[in-house]
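Since the structure comes first, as structure tokens, the remarks are kept for the end.
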């Protein structure tokens with residue numbers, strides 16, 4: 001007979017189900033839209049059955065599937081019922097949410113133990129596990145704001161932010177176009193390219209290398225709050241001033257990392273190139289630049305986040321009536337906190353896509369590096 005897959009998450013979840021059952025109802029008596037008895041019974045049955053099935057001697061894939069469906073179905077039913085009853089949740093409601101969270105934890109643990117048989121399964125699991133983790137951050141956020149009755153002006157729930165995003169797509173699209181497609185991308189390209197070119201010159205000329213790197217470390221410490229208004233005065237209120245801030249923020253990380261990368265190739269490799277009668281440029285293109293690529297891509301990834309932060313902060317100091325930074329500063333003054341969070345969510349999504357694109361390019365270019373091939 002196979003042994004049970006007993007886990008402490010499932011045991012505590014069953015205990016919380018029992019505690020919720022003995023402390024019903026889920027909402028206070030003053031709730032305008034209470035849960036129906038059928039819904040309460042169904043939620044408790046789903047959570048308890050999911051916990052019991054998770055300890056059964058089943059294959060990990062079946063166990064993870066049951067946990068994934070059961071926990072999120074129960075959580076969705078609970079959150080659907082709390083909408084319109086803000087601040088009316090009783091302790092039994094939080095007991096059931098906590099039980100669902102523990103079972104989701106168990107689900108992630110089981111998924112981590114699954115040995116993938118193909119690259120597709122491995123990639124799918126690498127996406128699914130952080131997706132579950134992120135979903136539960138939103139679920140717990142929604143539970144805290146609606147269940148505890150936190151005023152939306154202080155912290156709106158994710159559902160309200162999603163509704164605002166859906167209703168403000170044209171405005172958000174214009175802000176993304178102004179901030180990202182103009183200021184960020186242009187400033188990022190110019191700043192990184194300039195830093196790379198100057199790094200090549202600094203590597204060739206010792207005077208520049210000894211003089212620029214200390215200055216680069218000093219300029220990297222300049223506060224963006226002080227630089228942004230000066231750039232606005234110099235280049236005007238439109239996107240060029242924001243691109244100038246991005247250039248300043250991205251130039252020196254690229255310079256410093258590229259210079260360090262060019263020095264990463266070993267002396268034995270360089271001596272070997274000399275025995276082949278290679279000149280400076282041949283050694284640079286065939287040995288030193290390939291060896292520097294991990295450093296260069298580190299700078300590109302760092303700059304992908306710095307560029308977005310710099311452009312948004314720069315828009316606080318003067319901009320046309322469009323842009324992500326302008327929208328954040330304006331809407332927070334109007335107490336439209338859901339719109340502020342919508343801009344933050346869009347900025348986070350854009351930054352993640354930008355960073356991910358650079359990371360994919362890094363995997364394609366530096367496939368030989370031990371950090372990529374798992375060596």
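Glycine residues also receive a Cβ, built from the backbone N, Cα and C atoms like all the rest.
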Checklist line | Annotated range (TrEMBL: transmembrane segment) out of 8-26, 65-83 | finding: 65-83
Checklist line | Remote residues contacting the transmembrane segment (340-361) - C-beta distance under 8 A, at least 6 residues beyond either end | finding: 156, 161, 164-165, 168, 172, 175-176, 180, 184, 297, 300-301, 304-305, 308, 312, 324, 327-328, 331-332
Item checked: Cβ-Cβ under 8 Å with the transmembrane segment (89-112): same-chain residues at least 6 beyond its ends -> 7, 9-10, 12-14, 16-17, 19-21, 23-28, 43-44, 47, 50-51, 54, 60, 63-64, 67-68, 70-72, 74-75, 78, 82, 125, 128-129, 132-133, 136, 139-140, 143, 146-148
Next item on the list: Given the cut-off of 8 Å on Cβ pairs that are 6 or more apart in sequence, determine whether the transmembrane segment (214-237) and the transmembrane segment (306-328) share at least 3 such pairs.
Entry: yes
Margin query: How about long-range neighbours of the transmembrane segment (180-202): same chain, 6 or more residues beyond its ends, C-beta under 8 Å?
Written below: 208-209, 212-213, 239, 242-255, 258-259, 262, 284, 296, 299-300, 303-304, 307-308, 310-311, 314-315, 323-324, 350, 354
